[in-house]
Amino acid sequence: MDTSSVGGLELTDQTPVLLGSTAMATSLTNVGNSFSGPANPLVSRSNKFQNSSVEDDDDVVFIEPVQPPPPSVPVVADQRTITFTSSKNEELQGNDSKITPSSKELASQKGSVSETIVIDDEEDMETNQGQEKNSSNFIERRPPETKNRTNDVDFSTSSFSRSKVNAGMGNSGITTEPDSEIQIANVTTLETGVSSVNDGQLENTDGRDMNLMITHVTSLQNTNLGDVSNGLQSSNFGVNIQTYTPSLTSQTKTGVGPFNPGRMNVAGDVFQNGESATHHNPDSWISQSASFPRNQKQPGVDSLSPVASLPKQIFQPSVQQQPTKPVKVTCANCKKPLQKGQTAYQRKGSAHLFCSTTCLSSFSHKPAPKKLCVMCKKDITTMKGTIVAQVDSSESFQEFCSTSCLSLYEDKQNPTKGALNKSRCTICGKLTEIRHEVSFKNMTHKLCSDHCFNRYRMANGLIMNCCEQCGEYLPSKGAGNNVLVIDGQQKRFCCQSCVSEYKQVGSHPSFLKEVRDHMQDSFLMQPEKYGKLTTCTGCRTQCRFFDMTQCIGPNGYMEPYCSTACMNSHKTKYAKSQSLGIICHFCKRNSLPQYQATMPDGKLYNFCNSSCVAKFQALSMQSSPNGQFVAPSDIQLKCNYCKNSFCSKPEILEWENKVHQFCSKTCSDDYKKLHCIVTYCEYCQEEKTLHETVNFSGVKRPFCSEGCKLLYKQDFARRLGLRCVTCNYCSQLCKKGATKELDGVVRDFCSEDCCKKFQDWYYKAARCDCCKSQGTLKERVQWRGEMKHFCDQHCLLRFYCQQNEPNMTTQKGPENLHYDQGCQTSRTKMTGSAPPPSPTPNKEMKNKAVLCKPLTMTKATYCKPHMQTKSCQTDDTWRTEYVPVPIPVPVYIPVPMHMYSQNIPVPTTVPVPVPVPVFLPAPLDSSEKIPAAIEELKSKVSSDALDTELLTMTDMMSEDEGKTETTNINSVIIETDIIGSDLLKNSDPETQSSMPDVPYEPDLDIEIDFPRAAEELDMENEFLLPPVFGEEYEEQPRPRSKKKGAKRKAVSGYQSHDDSSDNSECSFPFKYTYGVNAWKHWVKTRQLDEDLLVLDELKSSKSVKLKEDLLSHTTAELNYGLAHFVNEIRRPNGENYAPDSIYYLCLGIQEYLCGSNRKDNIFIDPGYQTFEQELNKILRSWQPSILPDGSIFSRVEEDYLWRIKQLGSHSPVALLNTLFYFNTKYFGLKTVEQHLRLSFGTVFRHWKKNPLTMENKACLRYQVSSLCGTDNEDKITTGKRKHEDDEPVFEQIENTANPSRCPVKMFECYLSKSPQNLNQRMDVFYLQPECSSSTDSPVWYTSTSLDRNTLENMLVRVLLVKDIYDKDNYELDEDTD
């Protein structure tokens, strides 16, 4: 459109003007020319500053009073609307209508005040440069004949878009750098009068140095135009009006209104400055008001759909437009109103006005950009625990909200990876990508599509919470009230929209089509038709479903009604019936009561049928301990999972010393899954969710499923054989401990205790664990490992309530209220269906909080001292009391001098008889006969090694005597019973014994004080033993008990009780007194028994006289005596000792010798070879005993061997025994062949890190495959190894707590004392000790391996140690068979 035909008004951005009340602050250039001559376009001065580099950041708006012009000047009466358009070079529409009001309207509008403020909204320079100077047109149009109209400036947002920035406002070169100074970019002046502004004045202001750069000025008049210097001619002044008047419907729906920042529109809606109802663009944060929260929808804004580019529409203002109301401008920060004439500050690019620079600086800038998850686009700005990962080949990092989003993004970036995740579908059998995985009956089924998933659900009868309309999965309690009851069936929906769609469509959705087709084919279901009839809940009338009115019923579900009146009437009836209390007091059902019962306490109970009455009567026979009746309905338990109350027998879960109760098995299983209650299954040895814990022989065994429990029961019963029974009292599977016949029925029990308790329960002598009443106990439950019996379910529930909340009134009960007064006090009065007059309700009692101040008093206690009379030394009755105090001599003890004020010790001599040896001189002829007697003994060579050794020592003694015979022939000492008295110097008990002698106790018996806890193994349990106890060795015959003579019977005439009592296993301290006392008992019995028979292999022509004092014997004598001792020792009652008991006694003798400074080691030294052979024969016949829990019983423990130095690194043999013991215990080597497979090349040191403490520890590692080889019968099997194809690695962990008993330290010491060339050999591990080596020598061992016989002897002793069976339990090991 030609600009010459209209008078256009254009706002310039950078036109400097003088600040003053007399100047009209306007940028309307060449206004006078438009009135005096033809219409000329307004000259825009923005081109002058188009490429200016002035960094303007803020605008200043001056609000000043406007002077009214003289009334003689004609008034422009049309509403002038000034708009900011976002498009460049917009042409005015030619079809715009002209507004021609009548003269009356013009006269009525004369003098009216119309005040509007124009604020330009500047954007960033980056989007504005390069645009034309007229990209934003301030257009004003009016008909030529219109003269008396007021000017109205309106910012219409219909053509305002943030995406296309107003070039007219932003081409001034204002920068948006954050460090730029705050400068003025816009000034708006409101004045009451308009003065002339010429071009000369505007040009003169260009060169001024102003602190506040004024780049834009807009003048708004509120009265008639005053005198202008060039004169105004209204006939030639035309205003082009481009307006948009939305319809009433569009304004109401979208909330579009005029853009009046900081003012109130005509409708009265509040808009703070800078607000716009339609700023739905990426920069919408600019228009957020400080008076409204940023996360709250502002009034008039219903939708947030962006309207970035709206079409240019021509809207016509109505002829009868009312003038706008006066508005008020407020500060965006402090909300103070801005007065006229006050300077207002404005930030570039923002529509907010501020009263001062302080408010401008303190006002929050653009908020921090939101961080979104790359995959799901979720806001993760404030989220903790986000994941930053570099997922592609580039170096950029992406941020995700969770690991699932990261996985999905990686799969999306790598589509080839998803091709590898193909499996075969369980339903259709296709090899494709899997969408669903269902874990059902301990198996994972993979399904490729929803169709296969629905077919799988229907085939297995699985019920899932899915929306009936869209098929979305619903949680158990997340459906809310979105439930419809149609023909008695509940249909669940995810939201209300799905409910509406379901009611409108009336048919099933597409995702259930396959399921419905399958059900129709299988069960001949009739398909539901569109618009089916539904029964009204109130009047039971058949109506179409989509015509029904839905309402939430009393049960929480949506119920259909035919009309609102029917719904209200049904609610009224239900409210009346609900107030009557028709809930059955027994089954809790909402039904019409058929029976009523009046209780002794005046309460009225309702019942739905006779069955509930009978059950209630049976329960009401029980009374509470205080004699008051307690109704069963008053006892409610709370489920620990769903938090619902219930009054049935609970499901119990005992975990971590806490007992949890649940209303059903389902809640119990869900609770285990939710709280991750996992444990190692006793059968499959895998960590899974706990299914059940069952007692086996008193030991709790956890299982992951019912199948593992049954399989373990079968294995357990197969191990115990015929002795495996189920206890009739505690119901555990165990070995038969007791049997009782009751009324002709033989019942088995695990112990005598269970037998006695069952007998009490059977004869109704047991008491209820809740009310303490005797009688018939119908209910029982296992509580914390004990069986609890109760009268009925009522007492059972009370017991659980007491465990949850202890009630002191229920802790004690009467002796027997059941048979005394319980029946009389709990009788009910049946009145049929007619209700009796309601009794007076009892007064409701509530707890009342009262402000009470406690009264405190101080109580003093007076203690009167008790006076006693004490005599002193001045009295006549004083007498000195002598107390004997033994003091060892010649130790000197200083005696303090108290000047006779206290008692002092006085030394007193006591004569003690001391035996003195007397040396009698022998005649010459007698001494000459001694060598002849020695030669005669030598001629009688005996096959016994002991006799030969004794003869050798005798010969040595005779040679020493022969040397001294020439000097002093009278000093020859003759002993007829024992020879070699010079060897006794190392065993003098008077000088070197540091352990006290043990007094003889004839009744002391190790097997009585430390009894066995189980019977020995029989033939059916021989498979539990390692081969060393079975086929590798033949059982050695044990000598029978010999008949006692008269003297022996006199000595051992006492009798002791049998050791067959079933006592539980306990830790028994090691005492050497048992071994020393057994030696004395054997020596005393041997001396008294004249008819004692010796074994054939130990017969000799010369006997050694044995003494009760062990320290008085030489090495040869002890070897001889101990060899006889282990074969002839008997218990005080005449029975044989068990092999482990004999080994225990010998260990006690060894400790006594070591404690008495005797250097002999009866188990290692070569001088005790005969004793070692006899002991090994006896130990080979040992058969281990199995305890009820499946462990091995033995009286020998590992700590005993360390105490008596059988294990350690102090000698070569002890170090070998230590390595042999550790390999047997930790590597599980139970046969000689397994030990022979060990070598230096297969055992190596390894560092292992603890995952909890992150600490490195050394360990010895050994691979099982190297042990197993090709011998299947010698495979090492442990409890943790369940698959034969696995090759577990056995380790010996470093003992940092006690380095002296560390396996790794012992192995390093063994390597250091071995030859260096043997470290990598694969055929030897146990080396032969050097005969001449000492403890200080660098090498203790030779390169020769130990022979098999020595290893067998070592293994026999090691297998008697109880500690080696702690890890590998042979009774309960599944792989031993």
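Backbone N, Cα and C define each Cβ position, glycine as well.
In Swiss-Prot this protein carries:
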{"type": "CROSSLNK", "residues": "K48", "note": "SUMO2 cross-link"}
{"type": "COMPBIAS", "residues": "85-115", "note": "compositional bias 'Polar residues'"}
{"type": "CROSSLNK", "residues": "K88", "note": "SUMO2 cross-link"}
{"type": "CROSSLNK", "residues": "K104", "note": "SUMO2 cross-link"}
{"type": "COMPBIAS", "residues": "127-138", "note": "compositional bias 'Polar residues'"}
{"type": "COMPBIAS", "residues": "139-152", "note": "compositional bias 'Basic and acidic residues'"}
{"type": "COMPBIAS", "residues": "153-164", "note": "compositional bias 'Polar residues'"}
{"type": "MOD_RES", "residues": "S159", "note": "phosphoserine"}
{"type": "CROSSLNK", "residues": "K253", "note": "SUMO2 cross-link"}
{"type": "COMPBIAS", "residues": "284-298", "note": "compositional bias 'Polar residues'"}
{"type": "MOD_RES", "residues": "S305", "note": "phosphoserine"}
{"type": "ZN_FING", "residues": "327-363", "note": "zinc finger"}
{"type": "CROSSLNK", "residues": "K366", "note": "SUMO2 cross-link"}
{"type": "ZN_FING", "residues": "369-409", "note": "zinc finger"}
{"type": "ZN_FING", "residues": "421-456", "note": "zinc finger"}
{"type": "ZN_FING", "residues": "463-502", "note": "zinc finger"}
{"type": "CROSSLNK", "residues": "K491", "note": "SUMO2 cross-link"}
{"type": "CROSSLNK", "residues": "K513", "note": "SUMO2 cross-link"}
{"type": "CROSSLNK", "residues": "K529", "note": "SUMO2 cross-link"}
{"type": "ZN_FING", "residues": "533-570", "note": "zinc finger"}
{"type": "ZN_FING", "residues": "636-671", "note": "zinc finger"}
{"type": "CROSSLNK", "residues": "K658", "note": "SUMO2 cross-link"}
{"type": "CROSSLNK", "residues": "K709", "note": "SUMO2 cross-link"}
{"type": "ZN_FING", "residues": "723-758", "note": "zinc finger"}
{"type": "CROSSLNK", "residues": "K764", "note": "SUMO2 cross-link"}
{"type": "ZN_FING", "residues": "764-799", "note": "zinc finger"}
{"type": "CROSSLNK", "residues": "K788", "note": "SUMO2 cross-link"}
{"type": "MOD_RES", "residues": "S838", "note": "phosphoserine"}
{"type": "MOD_RES", "residues": "S958", "note": "phosphoserine"}
{"type": "MOD_RES", "residues": "S1064", "note": "phosphoserine"}
{"type": "MOD_RES", "residues": "T1376", "note": "phosphothreonine"}
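A map of Swiss-Prot features onto the structure.
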residue	record	DSSP (3 states)
K491	SUMO2 cross-link	strand
K658	SUMO2 cross-link	strand
K709	SUMO2 cross-link	helix
K764	SUMO2 cross-link	coil
K788	SUMO2 cross-link	strand
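On the 0 to 100 pLDDT scale, the zinc finger (421-456) averages 84 in this prediction. Listed in sequence order, E468, V483, L484, V485, Y502 are the same-chain residues six or more apart from K491 (SUMO2 cross-link) with CB atoms under 8 A from its CB. Of all the Cβ atoms in the protein chains shown, 17 others lie within 10 Å of the Cβ of K788 (SUMO2 cross-link). Cα to Cα, K764 (SUMO2 cross-link) and K788 (SUMO2 cross-link) are separated by 14 Å.
Every protein chain considered, the tally of other Cβ atoms within 10 Å of the Cβ of K764 (SUMO2 cross-link) stands at 10. With the fewest other C-beta atoms within 10 Å around its C-beta, K658 stands out among the recorded sites K658, K709. A separation of roughly 17 Å, to the nearest angstrom, links the Cα atoms of K658 (SUMO2 cross-link) and K788 (SUMO2 cross-link). Counting residues per DSSP class in helix, strand and coil order gives 7 helix, 16 strand, 13 coil for the zinc finger (421-456). Looking at K709 (SUMO2 cross-link) and K788 (SUMO2 cross-link), their Cα atoms lie 24 Å from each other. Under DSSP, residues within the zinc finger (327-363) fall into helix, strand and coil as 6 helix, 9 strand, 22 coil.
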